[in-house]
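Record features (TrEMBL):
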type   : residues : note
DOMAIN : 3-75     : domain 'THAP9-like helix-turn-helix'
DOMAIN : 83-217   : domain 'Transposable element P transposase-like RNase H'
DOMAIN : 246-360  : domain 'Transposable element P transposase-like GTP-binding insertion'
DOMAIN : 433-467  : domain 'Transposable element P transposase-like RNase H C-terminal'
DOMAIN : 531-690  : domain 'DNA transposase THAP9 C-terminal'
Amino acid sequence: LRELAEKRQLSEEIVSLLQAQFSDLPRELHSWRQMADYSPGMRQFVCLLHLYHIKAYDYLRKLLPLPHPYSLTNWLSNDKAAAGFSSDIFLRLQEKMERGDQAYRYCAVLVQDMSLQKQREWDPQTKQLTGFVDLGAGILDADEAPLASEAIILMAVGISSPWTAPLGYFFVNSTSGRFLAQLLRQAINKLNNIGIVVLAVTSSASACGAETARALGIRIDPKRIQCTFQHPPGSAHSIAYFFDVCHALLLIRNALQCLQKVEWLGDTVWWQHVVELAAFPEQRVLEVCSPESGKAWSKGSYHLKVNPATLLFSEGVAEALEHFQKLGLASFQNCSGTVKFVRLLSSLCTVFCGRGASGKEPFPAGNYTKISTLFNEAKSFFVNLTDSVGRYIIKSKRKLGFLSFLLNAESLKWLSSNCMCPEGTPSHHLHTHAFSLDPLEQFLRALQQACGSSGSPTCTVFQAAYHKLLASCSLAPGSPHSAGNASPWDRSLSRRRDLTLGSIRAQYHPAPERTLAPEYPYSAGLLLPSSALSNALTDLSLYTQSLACTAGWVAEQLALDLQCEACLASLFEAGESRLRYRSVLHIKKLGGVSLPSPSVHHITSISEQVLNWYGKVGGANKNTKLWHLALEQKIFQEFLGESPLFPTLTNHLFEGDLSINNHYTVLVKEITRCYLNIRTNPAPHLNLKYPCGRHRLKRLKGKHLSPSPLGTCQSS
C-alpha cells in the first residue's frame, strides 16, 4: 500500500483508511487463493480497493491471487434493504427474464447521489455502530474511518417498456468519477448475469458526471465525440452515455445569465429578453369580442399576465416573446435571435424528454433522419456560439451544458441506428424519458418524504425509509411506486423550479407578501358581462359573492406553487385572446381578485355544500386530519353522483393514499383541500385584516356561517 501511495496510484486518504481498517489481514499468498475462505475483512478490503482504484487493484492482482473484479458482485449485494445491491430486486428481475418477459430485456442505468447527515449511531439490533462508509461488503467502522456523507443510488429503467427498479445504494464519504464508473460496471455486469442488456447509462451533467464519463472511455470533444463505451472493456458490446437534460439546461441557463448575451452567425441571444418577460407586470387591457361570440357587449377587459410556471426553454416562451414583439413593446424588439435559441432548445427537449404533453411518450423507430437534421442544426448552433468579445463558448468554462446536448444527440443517434427494434420486444419504440434522471429523482423525492424531514437524513433514517419503499416496490410497467405520494407538481418543484419564468422573476423582483384589503368593492358596475360567472355574481348576496371570491383566492394560492403551465392556466376565467401554449394568461378580474375558472368555482361550490351538510365549520374535535379526509371523501362522492362506496370500511379507507396522481385528479384534490383549509381555519390562511381587529361573520340562510367580504387581493 505504501508503494502504491508513493507511485501516486492511491491517495493518502485511502491508504490511511485501508491501513486503519485492515491492519490484521493475512500476508500469506495461500490465504488469498480461495474466495470461499475469505474472511469478512478480506472481502471488504478487495471490494473497497477495486471500487476506489481499479489500477491499484490490478497491480495487487499481480502480487496476490485476488478475485476477478466481476466476481465481487455477490459480496456487494445484500438482503433486507441494507447497503449494496438489492438481492431481492435482482431476484425478481431474474424471475421475469426466466418467464420470457421481453419487456425487461433492455434497460438504462441511472446514477445519482443524495446528501446525508454525518452522525454516528448505535444499532441495538445488530449491536454495531452505524453511520460509516458501507459499500455492501460491511461497515468500515475503524476509529479512523470517516463517516458517510452521501448515498449513491442506482436504478434500472426500461427502454422499450416504462418500468423502474431501484438496484441499490452505497454509503460513501466522497464521490469520484472513477468510483462511480466502477460501480456502474458492477451494476451492468450484475444485470447482464440475469439476461438484461444495458443499452445506456445516465448521470448528472456535473464535474463528477463528466469525470465518470471519461473514466468509462467517453470522449466529450465537439470535434470528435465518442458517445459509447465497451462493457466488458474490449468486448463488442457498446453502451451509450447520456447527461441528464434538466441539469444540462440549468448549466445553459447559468451560462446565458452570466454572459448576458451570446452571438451566432449574425443573430444575438439576449438574457435581458428573458428577464423582461419573466418580470412583465400585470396589465389591464381591452378585449374586443368577435361578432361570432354572441356577447352582449362588444368589448370587455382582462388582465395580461405572464404564466410563471412556463419553462424557460419552451415553445411557450418563444411564442410569448413573439407575441409581445408584435404588440410593439419596446423591451421585446429585436428578439428574433433569442426566440430562435429558445425554440431550438425546446425542440431538443421534446426529443429527449418525450414528444407528448406528459413528457413520457415513446420515440418511434425510423425517425433517424428527422432527429439527425435537428441535431446537426444544434451542433452548428452550439459550436459557433461566441460571447461578447468573440470567444467560442464551446471552449470556455461555460461549455458543459452545450457539450451535454451534443453528447446526448450522438448517443440517441447511435441508439436509433444500432439498437432500435430489437427482436422479440413488445414495442419498437425508445422511451427517451428513460435517458433522464427523472425516474430516479422521483424515487429520491419519495425517499425524502419517507425520511420524514426536509433536511439530510442520517444513515439509519435513510435505511429505514429505503426499506419501506422497497417493501412496496412494484416492477410493473407504469407502476407509480417510484413517485410515492408526491403529486406531479411536487415532483416538478425539485426538478423544474429553477427553469421556470417564476424562478427568474424571483431573482430580479422578489414578490411582496400577499395581503387582503379590508373592503371588497362589490359593485354591479365592476361585473364583467363576458365572464361565464357573471350571472352568478350579479346576485349580491354575501354568500354567493364570498364563495366566488374565495374560489378566486384558492386559484391564486395554488398558482403560487403550481409548476405546470397548462394546469396553472386552467385555474382562471380567461379572456378570448389566448396563446396556444398559455405562456401568457388573459385573466378576468372582479375588482382585484382573479375570477376562477368554472371548474374551480364548481369544485369549491360542491365543497361548500358538503360543509353545509356535515356540520358547522371548525371545532377542536373536528378540525383534524381524519375529519378533513372524511370531508374529502364526501366531496368526491358528490362528484361521482353515486351512493357511498364501501360503506363497511369506514376509517379503514384513510389508512392509505390514492395512487392516482395524474394532473386531473391532483387538481381536484388540491383545490378541495385548499378550500377546506380556508373555510375551517380562515384567519391563518387568508391573513384577513379587518378594521375592527376581529373576524366578522354573517349569518346566512340555513344557519351557515361565512366570512365577510374578503377584500381586494394585491397582485403579486
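Positions of Cβ are set from backbone N, Cα and C atoms, glycine also.
For the domain 'Transposable element P transposase-like RNase H C-terminal' (433-467), DSSP puts the residue distribution at 26 helix, 0 strand, 9 coil. When the domain 'THAP9-like helix-turn-helix' (3-75) is classified with DSSP, helix, strand and coil residues number 45 helix, 0 strand, 28 coil. Here the domain 'Transposable element P transposase-like RNase H' (83-217) has a mean pLDDT of 91 out of 100.
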